[in-house]
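Novice: Pasting the feature list from TrEMBL:
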{"type": "COMPBIAS", "residues": "46-60", "note": "compositional bias 'Gly residues'"}
{"type": "DOMAIN", "residues": "9-430", "note": "domain 'Major facilitator superfamily (MFS) profile'"}
{"type": "REGION", "residues": "46-66", "note": "region 'Disordered'"}
{"type": "TRANSMEM", "residues": "7-31", "note": "transmembrane segment"}
{"type": "TRANSMEM", "residues": "109-128", "note": "transmembrane segment"}
{"type": "TRANSMEM", "residues": "169-187", "note": "transmembrane segment"}
{"type": "TRANSMEM", "residues": "199-218", "note": "transmembrane segment"}
{"type": "TRANSMEM", "residues": "239-262", "note": "transmembrane segment"}
{"type": "TRANSMEM", "residues": "282-304", "note": "transmembrane segment"}
{"type": "TRANSMEM", "residues": "311-331", "note": "transmembrane segment"}
{"type": "TRANSMEM", "residues": "337-362", "note": "transmembrane segment"}
{"type": "TRANSMEM", "residues": "374-397", "note": "transmembrane segment"}
{"type": "TRANSMEM", "residues": "403-423", "note": "transmembrane segment"}
Amino acid sequence: EARRQRRLLLVVVCVALLLDNMLYMVIVPIIPDYIAAMRGGGATAGPSAPGGGNGSGGGNRSLLPARYPPATGGNEDVQIGVLFASKAMLQLLVNPLSGTLIDRVGYETPLLAGLAVMFLSTATFAFAENYATLFAARSLQGLGSAFADTAGIALIADRYPEEPARSRALGTALACISFGSLAAPPFGGVLYEFAGKRVPFLVLACVCLLDGLLLLALAPPGAAAARANMPVGTPIHRLMVDPYIAVVAGALATCNIPLAFLEPTIANWMKDSMGASEWEVGLTWLPAFFPHVLGVYVTVRLAAAYPHLQWFYGALGMAIIGASSCLVPACRNFGQVIIPLCGICFGIALVDTALLPTLAFLVDVRHVSVYGSVYAIADISYSVAYALGPIVAGQIVHTMGFAQLNLGMGLANVLYAPVLLLLRNVCQMKPSHSERNILLEEGPKGLYDTIKMEERKG
């Protein structure tokens with residue numbers, strides 16, 4: 001029963017992450033219509049710039065408009081940049097609070113609340129008729145993601161305490177995020193073209209509602225009474241100053257900067273430097289889904305065989321990201337561009353799949369085995385990159401150049417990779433005063449301890 005329940009909860013979390021990433025990208029085809037309406041012009045059809053990427057902890061890999069900013073600037077492009085950054089900005093602000101709340105009330109209730117807010121956000125998108133409503137819906141999605149993504153990843157870490165099952169479960173969640181990046185463009189584009197702009201959002205809203213109902217059936221509110229006997233989680237400010245957690249958080253932020261900064265800028269560069277057509281721009285990121293899934297699979301298998309080398313897999317991923325980022329400006333046609341983008345997504349898969357389980361392990365051995373705050377820190381790391389990308393990347397390209405942007409991002413990843421050497425002895429750490437240590441050495445004393453002991457025996 002416990003194993004079957006945790007598999008179903010994994011499905012709930014994966015669907016929530018998939019929905020979050022799809023909603024983040026399905027909005028793209030309708031952006032030109034709203035901008036044209038605000039200018040008083042006719043509606044335009046089709047996406048402004050398809051793109052995509054993989055994802056983790058919060059579902060921030062996205063499609064972004066490629067039109068920000070033009071050489072002359074403009075209020076329209078600023079509005080687009082702010083709209084696409086608003087989700088990550090709100091996540092950045094809310095995550096410290098959501099992590100603390102998750103530690104206090106458990107994982108299921110915040111996950112359910114996050115799904116409810118995402119449902120409201122999706123419905124708002126469906127019936128939005130102006131920029132202000134779009135901005136409100138986008139911000140609501142960030143609020144829902146701050147709870148659903150963080151609580152979902154923390155729930156997986158809690159229900160899969162043993163390795164390599166924890167790495168496999170987290171890898172599955174990352175693969176679902178990446179699949180959302182692949183499925184959303186054709187899903188949104190086809191339905192938007194033949195059924196109208198509301199239909200894609202209504203379909204996602206229905207799936208979100210069903211996912212919430214399944215979670216409610218698996219973990220009804222009355223079942224959370226055992227939370228009162230759970231140990232008190234380590235405050236998020238103490239986790240932030242833990243040097244090992246800080247190293248992991250820095251790696252997660254650094255490795256996602258190339259993806260976050262390339263998405264809003266690469267389409268314009270391709271059109272200017274190689275005369276890329278619309279379909280080539282649209283397919284730029286599509287092949288990158290497959291190396292990302294391959295990276296997740298390879299890292300999970302290697303972590304199962306050599307768990308003490310998690311830091312090395314992360315460092316290798318950052319080196320691949322750095323080298324691939326530096327190669328992007330040297331590409332001269334569409335086929336060449338695909339290769340470094342696949343390398344970037346493969347490297348991100350290595351970093352995420354290796355370091356997300358490492359965060360849970362660090363909490364187990366150095367703090368208390370309650371995971372809300374530590375994965376809120378991970379979501380903050382992602383949000384930093386994706387909040388800056390839509391607003392800052394275009395300005396850097398305008399003032400310094402596309403090649404300098406890529407070289408800087410590549411150099412940052414290559415220089416950060418050796419920092420992960422600080423994690424090489426993490427696997428030798430022993431639990432100190434963590435909840436797991438208490439259970440194993442002193443035996444169950446309360447309702448929560450008894451339940452956790454029964455799950456481990458099962």
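Using N, Cα and C of the backbone, Cβ positions are placed for all residues, glycine too.
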Novice: Quick test of the contact rule: Cβ under 8 Å, at least six residues beyond the ends. What residues does that give for the transmembrane segment (199-218)?
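Specialist: Sequence-remote neighbours of the transmembrane segment (199-218) are 5, 8-9, 11-12, 15-16, 19, 22-23, 26, 108, 111-112, 115-116, 118-119, 122-123, 125-126, 187-188, 191-192.
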Novice: Where, among 109-128, 239-262, 403-423, do we find the most CB pairs under 8 A to the transmembrane segment (311-331)?
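Specialist: Answer is 403-423, with the largest number of Cβ pairs below 8 Å.
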Novice: Quick check: do the transmembrane segment (403-423) and the transmembrane segment (282-304) share at least 3 Cβ pairs under 8 Å, counting only pairs 6+ apart in sequence?
Specialist: no
Novice: Taking contact to mean three or more C-beta pairs under 8 angstroms, with sequence separation of 6 or more, is the transmembrane segment (374-397) in contact with the transmembrane segment (109-128)?
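Specialist: Result for the transmembrane segment (374-397) with the transmembrane segment (109-128) is no.
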